[in-house]
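Participant: Under the heading compositional bias 'Low complexity', TrEMBL lists 55-67. According to TrEMBL, the feature domain 'HPt' maps to 97-202. The phosphohistidine annotation in TrEMBL covers HIS136. Feature annotation from TrEMBL assigns region 'Disordered' to 1-84.
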Amino acid sequence: MSRLSVPPSSSRAHTEDTPKARSPSPAATIGKGVVLNGRPHDAKSPAPLTPTRNASVAPSQSPAPQSDVEEEEQTDESTTIDMETFNQILELDEDDTRDFSTEMVWAYFSQADTTFGDMDDAFKSKDLLKLSNLGHFLKGSSAALGVTKVQASCEQIQHYGKLWDETAKKELTEVTALEKIEPLLKRVKKEYVDAEAWLKDWYKDQNITGPPDA
């Protein structure tokens, strides 16, 4: 009696289309020396200050934006600098001279001073696109060092410059956007002054009063 042969069941590879996870925003790349990007140019967003040594520093997330009615007096020293981000930068220093981080921090001071001047000029000329680009620029440089309050305020300026209120999720008119940016410019400058003082005090405790000699 012939045995019935049963063909083996064909194995199909069931490949489900799984959506690819989006790559996270690249962290600030670290390599030998410091790449100090200059001031931003025209309408294109320039790259912010990026340290370079063979490691990567994850940018700190922007804290929740403050309401426009919150006054500048509110200063919480515990959130002036994100220590997790700042410590990652300090780990890249090769010795107690802190040459790497010092050069990066003082370059940030110079960038911020220039950018605030450019922001004032852009506000006077009601150039919202330039304000948005400048906000984006300083946001990135601030994030690289963990200057969280400046980072958050600059992100708001970036959105308002594009006629968008990120908190309310609604579009803005040019007049309303400028009205929102005006008090923000005052606030972010005070936040920066607090952060600069904190950073200089920290380096002063390490007997460092400025960047290494060129």
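Cβ coordinates come from backbone N, Cα and C, glycine included.
Annotations in TrEMBL come from automatic prediction, not curation.
Note that this is a predicted model, so its numbers are computed, not measured.
In terms of burial and nearby residues, how do these features look in this structure?
Facilitator: Summarised as a single figure, the pLDDT of the domain 'HPt' (97-202) averages 98.
The DSSP secondary structure for HIS136 (phosphohistidine) is helix.
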Participant: Summarise the domain 'HPt' (97-202) by DSSP state, stating how many residues are helix, strand and coil.
Facilitator: 87 helix, 4 strand, 15 coil
